[in-house]
Amino acid sequence: MRGHSFYCQCDRSTSVSDICRVCRSEGTPDRPLYYPCLCTGSIKYVHQECLLQWLKYSKKEICELCTHKYSFQPIYLPDMPKRLPVADVVLGMGRNVVRLVRAWFLYTIVVIAWLGIVPLTACRIYRAIFSGSVTSLLLLPLELLSIATIYLVTGHARVHELYTVASGLYVSWLALKLFIMIGEWLPRGWRVVVSGFHQWFITCAKVLAAALAVVGLVPFLLGTCFQLIVIAPMRVSRLQSPLFFPWQDWAMGVLHCKIACAAIMMGPDWWMKTVFERLYQDGLRNLNLKYLYMELVFPIVVSFGLVITVPYALSNGVVGILGGSMEERLLFLRHSYPALLLFFSCLAFVIWQCEKIRGLAQRIRNDKYLVGTQLVNYERREASDANLDNQERPRSSTA
């Protein structure tokens, strides 16, 4: 409509209320909203009950978006003593011992069942089935694929048709997949095809750069450390020199890396598990090489490098300064790697026991005096610094 103008004046004082990211409801005096992580915008606030339900479902203690760990403040009874009484400590330790004995008894039954009863039962069932007259009927599928049957059909004794068929099927599948991809990408134009090849080339280059460290360097260092710490002191005598084979050390390191990755993913939450989960969520297409090298490869390489080089430097430096002979240096170097492993193992065990004792005391205190927990808000440093500056300005002006 010409000659007419419309003007809408909205109330600027009205704003959208903050809502919970889980239940999408507003905060109330009984259920206030918290901002416990780095997230901003519409997903900043959350109810404590909703967050607890989500953490119980996801079995994690960090935010899945910003990877910030949630913190809860315990609320205790007013009459809680500063130091736990001896009776409470003894009672809590007794409960913990009973819990450990119960778990040990349960795990013992499971191990006996899976490693003893189940194999013996399977062996008895196997003998009962294959020792009667139904043996020929049950072994009919195996006899059809036996070497004697293949010899009667082809006339050759040594035939590996299974490998040949598998290789042919794989090549045929690759050719079929290639034709399907060509049929899907050609109608889109050469520009889209070139762009797709460019993206795949970048992805392959990233995967290759990551594989050089994750599959090559880290397993080699791990295998070398295992060779120096465990294999060489056990298999090589005092008057002999150990021989190192890089390919064997690398293969051994690959095996130990697989075991370590499985243990890390099944273990508790710590920084390496967080890195693994983020890399798994990113995938190959969104692989961040800088994050991979700085957060995972660099700390591991530095740790293994120190484990390998520190005993060598001590044996050639300290022992050489003290006037030791070449035989004493080699003897010190031979036993320094197991001694280093024993020292760090004892140190880790002591730290683990201290954490367990601290956790036991905290568990005893929570069982008797804990009333509830309260979610702690995340305070940004910039905002706190700005508030401090605003508070200091009036003081300086009045002065």
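From the backbone N, Cα and C atoms, a Cβ is placed for every residue, glycine too.
With DSSP states grouped into helix (H, G, I), strand (E, B) and coil, the domain 'RING-CH-type' (12-73) comes out at 14 helix, 10 strand, 38 coil. Feature annotation from TrEMBL assigns domain 'RING-CH-type' to 12-73.
What TrEMBL records for 104-122 (among others) is transmembrane segment.
As annotated by TrEMBL, transmembrane segment applies to 134-153 (among others).
Here the transmembrane segment (165-186) has Cβ contacts under 8 Å with residues 192-193, 196 of the same chain, all six or more residues outside its ends. Here TrEMBL flags 165-186 (among others) as transmembrane segment.
Proximity of distant same-chain residues to the transmembrane segment (207-230), defined by a Cβ-Cβ separation under 8 Å and at least 6 residues beyond the stretch ends, is recorded for 242, 244, 246, 248-254, 256-257, 260, 284, 287, 289, 292-293, 296-297, 300-301, 304-305, 307-308, 337-338, 340-341. Residues or ranges marked as transmembrane segment in TrEMBL: 207-230 (among others).
As annotated by TrEMBL, transmembrane segment applies to 250-271 (among others).
Residues or ranges marked as transmembrane segment by TrEMBL: 292-315 (among others).
What TrEMBL lists as transmembrane segment is 335-354 (among others). Sequence-distant contacts of the transmembrane segment (335-354), counting only residues of its own chain at least 6 positions beyond either end whose CB sits under 8 Å from a CB of the stretch, comprise 228-230, 232-233, 307, 310-311, 314-315.
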